[in-house]
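Below is one structure, written out as structure tokens, with a few remarks after it.
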Amino acid sequence: MAIYQIVEIGSEVLREKAVPVKEITPNIEKLLDNMLDTLYDANGVGLAAPQVGVSKRVVVIDVGEGPIELINPVIIAKEGEDLDDEGCLSIPGITGQVARAAKVKVEALNRQGELQVIEGEGLLARCLQHEIDHLEGILFVDKAKKTQRR
């Protein structure tokens, strides 16, 4: 296992649309493992592959209920609205209020290549949307109503 360096705002890869994963190879499995190690090392709740310099549609999340691994995630349903503060491992020291859907349903592949549906609300819904935005080259500061130093 390895801890990746988290790339910060200003890095080109954070503004690119990430490439879909065509095949789940041992390298993708290793990426998932190392991303989870990196997430836990950084005390984060979510991490997208572009944040570690890899332009792939891969996300890992753990909001305290165990790890969730998502390959090629797509939001298929949204409900309600929630305004709350967000931060980002790629934008240290900054928080901002961002409006997000209160509930989401996401389809993605797991590391076995099986299609899974994840339903989330609260922090999980916010984290799913935030990380999927990373795959589109969108950062939370692009959507924030206001930002502040923490």
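The backbone N, Cα and C atoms fix where each Cβ goes, and this holds for glycine too.
Annotation source Swiss-Prot lists active site at GLU131. All protein chains shown were included, and the count of other CB atoms within 10 Å of the CB of GLU131 (active site) stands at 25. Following the DSSP three-state reduction, the secondary structure of GLU131 (active site) is helix.
Sequence annotations record features per position, and here Swiss-Prot assigns Fe cation binding site to CYS88, HIS130, HIS134. If you draw a 10 Å sphere around the CB of HIS130 (Fe cation binding site), it holds 23 other CB atoms from the protein chains shown.
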Check: same-chain CB within 8 A of Fe cation site center, minus CYS88, HIS130, HIS134: GLY46, ALA48, GLN51, GLU86, LEU89, SER90, GLU131, ASP133, LEU139, PHE140
CYS88 (Fe cation binding site) CB neighbourhood, other CB atoms within 10 A: 25
Distant-in-sequence Cβ neighbours of HIS134 (Fe cation binding site), under 8 Å, six or more positions away: LEU14, ALA18, ALA48, PRO50, GLN51, VAL59, SER90
